[in-house]
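First comes the structure, then the notes that go with it.
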């Protein structure tokens with residue numbers, strides 16, 4: 001019946017075969033940018049079709065309901081899978097981190113903490129020690145203490161760290177090269193409309209989950225939070241493939257990925273609202289209200305799933321739950337703001353040093369040996385970290401201890417204060433006391449740990465293993481904050497007659513909480529590196545449950561952003577996007593130069609004229625030659641070469657598919673058949689070959705600007721509408737074309753950077 005339809009259709013034997021949709025029409029190549037406007041209009045058409053069909057029968061009506069619900073179903077599935085994976089990762093990391101120090105005899109799959117829970121023989125003071133848990137030296141040579149035991153434990157710690165790191169980097173290298181790094185810069189780029197095939201694939205999901213456990217357990221200075229966003233987005237992409245509404249439409253798929261990113265942060269920190277705000281503030285490009293509600297739902301389901309797995313065993317979602325009882329005082333805002341300044345300076349230092357190191361890695365031989373690099377950094381980390389009790393344990397445990405307030409029952413070294421012998425001991429409100437020898441020793445060790453963390457994180461982030469940045473940044477801030485907190489506390493104790501302490505700090509009162517300073521410092525450093533503000537504060541108080549400390553957290557976050565912005569506007573993720581040359585038009589960038597569209601458009605004066613198609617004078621062979629000789633992503637269609645009046649724009653991929661399809665399925669289409677883009681082709685003499693009518697693949701409303709449009713307007717149009725290209729005309733005549741790449745190159749040139757660094761089309 002195809003041929004019969006053709007015979008009725010128009011002149012002679014002409015057939016507009018595109019009445020049937022093409023397979024693959026409108027899909028994109030790898031490393032190309034999507035056309036948001038086109039995707040949106042395609043979705044509107046699809047919606048219209050479904051709505052009109054739904055009135056025909058009950059079955060069609062049910063189908064339309066299913067279609068409307070599919071978005072929520074995808075969110076539910078993403079939440080369930082992301083929550084489950086996060087719980088499994090948490091449990092596995094706990095067990096493998098403890099495996100470096102010893103093993104549980106009653107059940108080897110228990111971590112240290114779980115092992116001693118089940119034991120009946122633990123005392124309260126030595127709750128970490130129980131006969132079921134044995135260090136390697138006890139198990140192998142039956143010596144719990146002493147020099148030989150220390151050396152053996154040290155050796156096994158380093159050996160296991162190296163084993164985990166080697167496994168992680170080998171798996172990434174062999175099976176999924178895209179599983180390295182934190183993944184957030186790439187996800188920002190993908191959400192802005194770029195296509196990186198395989199970046200969110202099933203292999204990447206599997207390998208990233210496994211190697212993330214290995215990388216975090218190896219004791220390297222990295223966190224699992226950033227990669228969990230990548231993992232959640234992989235889940236989102238995986239579930240999109242089951243629903244044609246999302247798998248066939250790239251713009252709709254990106255709405256799902258935005259919500260998946262929210263679910264990722266929700267399970268990484270146990271902060272569902274913080275996750276939604278993080279997706280809105282930091283990663284998403286296009287975030288309609290509908291996506292906000294869906295993100296909220298996905299984050300809720302993910303958090304609920306994680307809570308039912310209960311990986312921390314404290315029946316809370318939260319990593320570092322704190323219970324402080326003391327209010328904070330106005331005078332304390334000064335040290336909080338100082339911590340904000342420290343966070344901003346550390347953020348600037350980290351971004352500059354890390355980018356310089358990554359650039360070195362790209363341009364020298366270092367980049368050719370990723371496995372060796374990981375092994376070396378792991379060896380240095382493990383050897384330097386083991387002697388210091390604060391760097392030996394996992395970073396999350398360290399932050400947790402730094403956030404903790406010293407209660408009457410705390411046994412940690414940080415709580416070794418000198419008690420007043422005739423003081424009665426109430427349970428929660430312990431007055432400020434002078435520091436004992438343990439606190440001074442802890443201050444030294446923390447100072448060394450701070451220097452070590454600052455240096456090693458610069459070299460760790462960006463290696464070929466999954467590595468998040470949230471936890472190391474928070475650790476740097478928490479160490480600095482705790483040290484400041486102890487200093488302020490001791491000053492308040494010894495000098496309570498000073499004017500600043502006199503009003504609020506009487507002798508025998510509990511005025512300063514060092515743990516709060518650690519919390520504020522952590523927020524400040526994380527803000528300095530990522531430049532988040534709103535979502536950062538919400539994540540911090542959801543993470544710790546410290547609701548009354550919103551104001552100190554806000555003060556520190558804003559200060560750190562101001563200080564860091566004074567040295568450079570971009571956060572670590574934008575810096576990595578620029579380093580890799582991804583075509584990302586940042587909404588936050590200002591474009592202030594006085595250039596016009598005519599200065600940016602191609603072709604330039606020295607270049608050959610624009611490759612165009614005419615509406616009714618080119619043969620199939622002419623078009624195929626044009627496609628072979630050029631690598632443009634599309635061609636403008638004009639009335640004729642002489643008049644150059646614009647009719648529309650046709651995508652290269654659609655054109656290739658249409659011609660290929662016509663040659664296979666339509667009789668009489670040969671190399672010298674004429675291609676028509678008009679509504680009604682003219683009557684042809686009987687002897688001439690069959691024409692080919694391709695009006696259906698022609699975009700009749702391409703976006704155009706005139707040659708005198710200021711570039712700031714053009715940049716805004718590209719940003720807000722998410723265009724791929726825009727045509728430049730003067731009084732209806734086609735002059736040139738501006739692509740997203742041209743805009744990015746021009747912006748780089750104006751900022752005195754190398755315009756060729758933007759490598760993808």
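Numbering starts at 1 and runs along the chain as it is shown here.
A Cβ is built for glycine as well, from the same backbone N, Cα and C atoms used for every other residue.
TrEMBL does not curate its annotations; it predicts them automatically.
Here the structure is a predicted model, which means the values were calculated and not measured.
Confidence for the domain 'CBS' (601-665), expressed as mean pLDDT, is 90. For 601-665 (among others), the entry in TrEMBL reads domain 'CBS'.
Marked as domain 'CBS' by TrEMBL: 698-756 (among others).
What TrEMBL lists as transmembrane segment is 69-93 (among others).
Per TrEMBL, the feature transmembrane segment maps to 154-176 (among others).
Positions annotated as transmembrane segment by TrEMBL: 196-216 (among others). Here the transmembrane segment (196-216) has long-range neighbours at 30-31, 85, 88-89, 92-93, 96-97, 164-165, 167-169, 171-172, 175-176, 178-179, 183, 186, 189-190, 222-224, 227-228, 230-231, 233-238, 257, 394, 465-467, meaning same-chain residues at least 6 beyond its ends whose C-beta is under 8 angstroms from one of its own.
Taken from TrEMBL, the feature transmembrane segment applies to 228-244 (among others).
If you look up TrEMBL, you'll see 256-280 (among others) marked as transmembrane segment.
Within its own chain, the transmembrane segment (333-357) is flanked in space by residues 454, 457-459, 461-462, 473, 476-477, 480-481, 484-485, 488, 517, 520-521, 523-531, 552, 555-568, 570-572, 575-576, 579, which lie at least six positions past its ends and keep a Cβ under 8 Å from the stretch. Residues or ranges marked as transmembrane segment by TrEMBL: 333-357 (among others).
Feature annotation from TrEMBL assigns transmembrane segment to 369-386 (among others).
Per TrEMBL, the feature transmembrane segment maps to 442-462 (among others).
Positions annotated as transmembrane segment by TrEMBL: 469-488 (among others).
Feature annotation from TrEMBL assigns transmembrane segment to 516-541 (among others).
Pairs of Cβ atoms less than 8 Å apart link the transmembrane segment (516-541) most often to 256-280, out of 69-93, 154-176, 228-244, 256-280, 442-462.
Sequence-distant residue pairs (6 or more apart) of the transmembrane segment (228-244) and the transmembrane segment (469-488) include fewer than 3 whose Cβ atoms are under 8 Å, leaving the two stretches without contact.
Tertiary neighbourhood of the transmembrane segment (69-93): same-chain residues 111, 209, 212-213, 216-217, 224, 228, 231-232, 235-236, 238-240, 243, 245-246, 256, 259-260, 263-264, 266-268, 290, 294, 297-306, 309-312, 394, selected by CB-CB distance under 8 Å and a gap of 6+ residues from either end. If one looks beyond the transmembrane segment (469-488) by at least 6 residues along the same chain, the residues whose Cβ comes under 8 Å of a Cβ in the stretch are 182, 221-226, 268-269, 332, 335, 338-339, 342-343, 346-347, 350, 390, 395-396, 398-399, 402-403, 414, 435, 439, 443, 446-447, 449-450, 453-454, 457, 460-461, 512-526, 528-530, 572.
Helix, strand and coil counts under DSSP for the domain 'CBS' (698-756) come to 24 helix, 18 strand, 17 coil.
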